[in-house]
Amino acid sequence: MKHQRVPVMILHSKGTMASWPFSRLWSISDPILFQVTLVATLLATVLGSCGIPPYLDFAFPINELNETRFETGTTLRYTCRPGYRISSRKNFLICDGTDNWKYKEFCVKKRCENPGELLNGQVIVKTDYSFGSEIEFSCSEGYVLIGSANSYCQLQDKGVVWSDPLPQCIIAKCEPPPTISNGRHNGGDEDFYTYGSSVTYSCDRDFSMLGKASISCRVENKTIGVWSPSPPSCKKVICVQPVVKDGKITSGFGPIYTYQQSIVYACNKGFRLEGDSLIHCEADNSWNPPPPTCELNGCLGLPHIPHALWERYDHQTQTEQQVYDIGFVLSYKCHFGYKPETDGPTTVTCQSNLEWSPYIECKEVCCPEPNLNNYGSITLHRRPSTSTHCTYISGDKISYECHSKYMFDALCTKHGTWSPRTPECRPDCKSPPVIAHGQHKVVSKFFTFDHQAVYECDKGYILVGAKELSCTSSGWSPAVPQCKALCLKPEIEYGRLSVEKVRYVEPEIITIQCESGYSVVGSENITCSEDRTWYPEVPKCEWEYPEGCEQVVTGRKLLQCLSRPEEVKLALEVYKLSLEIEILQTNKLKKEAFLLREREKNVTCDFNPE
């Protein structure tokens, strides 16, 4: 196929005409469309074609389309559909040769006018006021809508208008409130009541109101005024006061109750409430919820403890009729002449199984039978009672005689012991033993049983053993004590003791150890002896001269153990100098003493009688 030559075209910016070089017969009213058409025509000779153009919601072709294929560059002019207006001069579609029609939206929806404000209501705009849009109308609380609840922007002639006019919102109205039997309301004789109005009902005497006393005019479904809630009714309601065993009323005292009156119950001490404590009188003359019950929640009465009595609690005496809470503790004590059988608290506790805990029994107090050992006899026995299995019980009194010359009395106490002591006759004892470095004192001049001797030691001695001895059937008891010597702590220069104490007791032994460089002169072990001295005598700690050291002795000892001869020489010179100083000081003291004696010789005593 032979391609045609494309002629040159010149467009005038200010004119509406375009000329071909070989003809002046072409006249173009729309230069832009002409230019686009020309370019599309030129492209069509090179590229492909397009199918039927797409359907547009906002526009349709000006000319009827009879073809199904269009060459590249074909331009189709469109016009806006009803409800739309043109927004661009490029109201056409162009075939781009790739089977696509290219265009930019050139029509927009027309807009309806602002519907205005709705008195006592609201205009709800879903999107905007454009063609096809919807608006809704609603009224404020207490108002009803008269008219359409919505409106649409629709076509009319060549323009767009709202389908429905602006409605009205008028205040809701209710019919007069209903009348009720055996009651009335406080409203007037008005033909109607506006939204928010209320009336209050009251019942005739002896009638109870079932329901709410006041009702109000409300709006139902946003369309009609109704009374809410429903009017009450008046009915004779009588509830009889229920009896709750082991319970009591704390609020709402009757005995006759009407509708919705209430009672509050509580249980007596030791009982547990089962059910609701608050009940109401209902319209059917019954109580709702049902009256509660009081269940036992403690220990009823007191346990029987023989030979015991209960102690007072909160200044009150316990009784068999009382109920005691779980965990409640009661104390008891045994009768006179009785005591707890075992050690432990004399209490009982109310347990969770509503039973009392086990208790310690009270056992009769018995005193032991006197053992006079054939040295005496009981002369009198006075007892408070004979109903006992004991020979001697609490309160018994006896008199007994020992050695046919000593008389004693004894009382059986509540603790099962004799007072002042257990009756006993023992043989007489000889004089208490004599001990070295000590002496004894006796309580009585007769050394009879139970008499005592008290020992004490001389100064510088300490008692070892029992201080007091008693006269028993086997003699003086316990063993005779001893008086042991006390030795003072030895003072040893440069030494230390194995046991450091202020005083040491005969025959205590200590060991002496000397400090480093010193050795023990004497016995290392010394013993505290009976004469309060150390035996052997206390040792000394003396200096031990190391091997290879120089020694100088002149009235005292000086030892220098030095490594170099120069140091040894210096030490000896220092020692020599110290000796010279000591000699000078001694001579000075001697001279001063001589002068003092000379002055004393020259002192005379002058006597002047005047």
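Along the chain as shown, the residues are counted starting at 1.
Cβ coordinates are placed from backbone N, Cα and C, and glycine is handled just like the others.
Keep in mind that what you see is a predicted model, and the values were worked out from it rather than measured.
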Cys95: disulphide-bonded cysteine as recorded in Swiss-Prot, out of Cys50, Cys153, Cys169, Cys174: Cys50
As recorded in Swiss-Prot, which of Cys487, Cys514, Cys561 forms the disulphide with Cys541: Cys514
Of the disulfide-bonded residues listed as Cys95, Cys139, Cys217, Cys334, Cys350, the one whose CA lies nearest the CA of Cys471 (disulfide bond): Cys334
C-alpha spacing of Cys367 (disulfide bond) relative to Cys80 (disulfide bond), in angstrom: 134
Separation of alpha carbons, Cys334 (disulfide bond) and Cys174 (disulfide bond) (Å): 86
Whole-number Å value for how far Cys169 (disulfide bond) lies from Cys112 (disulfide bond) (Cα to Cα): 23
Cβ atoms near Cys80 (disulfide bond) (within 10 Å, other residues, all chains): 19
Spatial neighbours, same chain, of Cys153 (disulfide bond) - Cβ under 8 Å, 6+ residues apart: Arg111, Cys112, Tyr129, Ser130, Phe131, Gly132, Ser133, Glu134, Val160, Val161, Trp162, Ser163
Closest of Cys299, Cys334, Cys402 to Cys267 (disulfide bond), Cα positions, disulfide-bonded residues only: Cys299
Neighbour tally for Cys471 (disulfide bond), based on other Cβ positions within 10 Å of its Cβ: 25
Rounded Cα separation (Å) that holds between Cys362 (disulfide bond) and Cys412 (disulfide bond): 18
